[in-house]
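First comes the structure, then the notes that go with it.
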Amino acid sequence: MASERKINACVSLYLDTAYELQKEIEKAAKLNCQSVTIPTVHWNFDREFVREPLRSKHGQFTRSDLLLSSTNWINQVICRVGENVDLDSPIDRIRKHSERTILQEISFAEHLVQHGYMYTKLKGANCANFARTVASGALKGTLLVEVPITNPKSAQNCWRRDIEDDQAVQDTWQWWNAFRSYADYNQHVKIALELTTDVPKKEEIYRWLGEPIDALVVPANIFLTNANNYPVLSKAHQSIVTLLYRTFSCHFILKANPGDGHLGHYVEYIKHIVQHNHVDDPLQGFNDVLEIPLQPLYDNLDSATYEIFERDPVKYIFYQNAIEQALTDRVPEEEKDTKTTIIMVVGGGRGPLVRAALNAATKANRRVKLYVIEKNPNAIVTLTALIDELWKDRHVELISKDMREFEPPEKADILVSELLGSFGDNELSPECLDGAQKQLKDNGISIPCKYTSYINPCFAVKVHSQARANECSAPWKERVVSSRHMEQMYVAYQKNVYHIDNPQPVFEFVHPNCDPDPVDNSRYRSIRFKASLDCVLNGFSGYFDTVLYKDVMLSIHPFTHTKGLASWFSMFIPLTEPVQVRAGEEIVVNFWRCVASHKRSILQQLSSQAWCVCVWFWDEFGRV
């Protein structure tokens with residue numbers, strides 16, 4: 001369903017030249033464009049950097065910055081650089097002249113737009129020197145690199161008899177992959193993805209979702225004319241625009257002849273497509289932001305963290321339904337007035353599970369007695385107030401103690417907890433519940449009763465760059481990537497991500513744990529994935545699903561995600577350096593869950609590429 005909220009997609013008008021800049025900006029504004037994309041220096045203006053006296057003469061090579069205010073330069077102009085240069089020419093004179101030209105233009109463009117946008121065009125995979133030169137110069141603003149979504153030669157070859165049908169045409173993603181690799185994944189370099197008349201395969205479109213796309217270039221020649229003589233996009237192009245805007249919230253650059261009478265219609269139609277297909281995301285603002293996973297066994301959570309989790313509109317309803325079913329199964333209808341069910345809530349927090357249990361008892365019409373075990377002394381204050389003010393007559397008893405050390409006066413029929421992390425066991429739920437299992441009757445029920453973790457290889461440039469940036473020393477060029485920040489798990493609401501293969505299960509835990517003593521929660525699993533396309537692997541995404549009771553399940557698995565569930569984001573496990581993967585290659589991942597008496601650790605190893613990632617969990621003693 002389209003959003004009722006007004007969405008203002010930003011459109012920039014691409015101009016080959018701009019004779020009077022202020023007038024061009026005013027014309028663009030009348031077309032409802034927010035900016036213009038213009039060359040920093042006229043593409044036909046040549047400069048001399050070697051021979052005297054021209055080399056030493058400091059002449060004016062472009063328009064003055066006094067034409068606009070600094071605010072207008074930043075907000076209304078995108079400066080194009082390197083229009084007619086060949087930085088990878090085999091001829092030294094041409095290559096050196098091109099280097100000096102583009103560096104001069106980048107320097108002046110940054111002088112104009114400061115931390116705004118610059119723009120250049122990628123013409124092929126032979127771009128090593130181009131990438132090195134640009135990446136070393138573009139440090140202040142954002143450099144948009146125009147890349148076509150399909151290779152123009154692929155369409156040309158369809159009409160040429162002198163070319164064999166099976167002759168391969170290089171994928172434009174390979175151009176970009178070569179460029180950003182040579183640029184060392186510079187965070188200031190983003191993609192301006194140009195739509196073409198041909199549409200790539202769906203899997204190839206999804207591969208772009210892992211890339212740093214900041215703009216979508218829409219040329220006028222891809223528009224069709226409808227029955228009313230208005231320009232429209234094909235269904236295939238509409239779906240691409242919708243997908244990319246939902247993922248990146250990118251802006252648009254319109255390439256069209258300034259004399260085209262449909263300019264205003266192009267802009268209007270682009271904004272219509274965005275508005276019509278926009279869907280409000282309640283988690284907007286959390287997109288691709290790395291967060292350190294919580295360790296509630298080691299740290300006492302604060303009030304704001306509790307409040308965020310309590311806002312989840314789904315999780316506690318599912319818990320309430322699970323407890324209600326368990327009560328109904330536990331106590332037959334004829335015994336409901338005489339039998340009292342003992343429920344223990346281990347890890348009570350600020351009381352949402354207690355509230356769910358009391359509501360479930362009311363709906364099921366069953367008598368219950370609740371024990372609430374909580375180790376956080378600050379949360380005890382809140383729970384005490386709730387018992388005194390709201391639950392005074394509801395048979396709720398509060399115990400301030402670690403659940404593993406608590407000796408109950410009576411054993412529980414139902415043990416309720418919410419100790420799961422984004423990878424299932426990463427908040428040490430197995431160890432906590434195994435320690436609390438002595439509080440449960442032999443035929444007692446644990447909610448949750450089972451949870452499974454999943455993993456799949458991915459390329460997520462935005463979240464990986466954040467983890468990698470933590471390793472950077474100042475200045476950026478002196479960076480040495482170590483393993484401190486790369487050897488840990490993160491949680492993130494991943495949208496800017498390409499999933500190389502489907503998730504596969506890793507570890508499964510069942511409660512109550514019926515393993516003979518001593519209970520062993522160590523695990524090992526070897527998993528194989530296969531890449532369907534050439535791609536880059538820079539980490540793994542982790543998920544979990546859990547069975548609360550019988551058919552009541554919660555999941556953040558991409559294929560079975562519980563609708564509206566917001567308490568958990570997916571896990572991200574970064575690799576220190578990205579790995580190039582070819583289509584058809586296997587990715588072998590070995591996972592260990594190693595358990596010791598005073599530490600918890602997980603080791604992930606990418607065997608096929610000889611990469612190793614160590615991820616540590618924390619317990620009450622901290623990392624060792």
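The backbone N, Cα and C atoms fix where each Cβ goes, and this holds for glycine too.
Positions annotated as active site, proton donor/acceptor by TrEMBL: Glu418, Glu427. Under the heading S-adenosyl-L-methionine binding site, TrEMBL lists Tyr306, Lys315, Tyr316, Glu374, Asp402, Met403. Feature annotation from TrEMBL assigns domain 'PRMT5 TIM barrel' to 32-276. What TrEMBL lists as domain 'PRMT5 arginine-N-methyltransferase' is 284-447. Look at TrEMBL and you will find 450-599 tagged as domain 'PRMT5 oligomerisation'. Residues or ranges marked as site 'Critical for specifying symmetric addition of methyl groups' in TrEMBL: Phe309.
Distribution of TrEMBL features across the structure.
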residue: Tyr306; record: S-adenosyl-L-methionine binding site; Cβ within 10 Å: 18
residue: Phe309; record: site 'Critical for specifying symmetric addition of methyl groups'; Cβ within 10 Å: 18
residue: Lys315; record: S-adenosyl-L-methionine binding site; Cβ within 10 Å: 23
residue: Tyr316; record: S-adenosyl-L-methionine binding site; Cβ within 10 Å: 18
residue: Glu374; record: S-adenosyl-L-methionine binding site; Cβ within 10 Å: 24
residue: Asp402; record: S-adenosyl-L-methionine binding site; Cβ within 10 Å: 16
residue: Met403; record: S-adenosyl-L-methionine binding site; Cβ within 10 Å: 24
residue: Glu418; record: active site, proton donor/acceptor; Cβ within 10 Å: 25
residue: Glu427; record: active site, proton donor/acceptor; Cβ within 10 Å: 23
Between the Cα atoms of Glu374 (S-adenosyl-L-methionine binding site) and Glu418 (active site, proton donor/acceptor), what distance do you get, rounded to the nearest Å?
12
For the domain 'PRMT5 oligomerisation' (450-599), what does DSSP give as the number of helix, strand and coil residues?
12 helix, 72 strand, 66 coil
Grab the pLDDT values for the domain 'PRMT5 oligomerisation' (450-599) and give me their mean, rounded.
86
Max CA-CA distance, Å, over listed S-adenosyl-L-methionine-binding residues Tyr306, Lys315, Tyr316, Glu374, Asp402, Met403:
24
Fill in the CA-CA distance, Glu418 (active site, proton donor/acceptor) to Lys315 (S-adenosyl-L-methionine binding site), as an integer in Å.
10
From the Cα of Tyr316 (S-adenosyl-L-methionine binding site) across to the Cα of Glu427 (active site, proton donor/acceptor), what is the distance in angstrom?
19
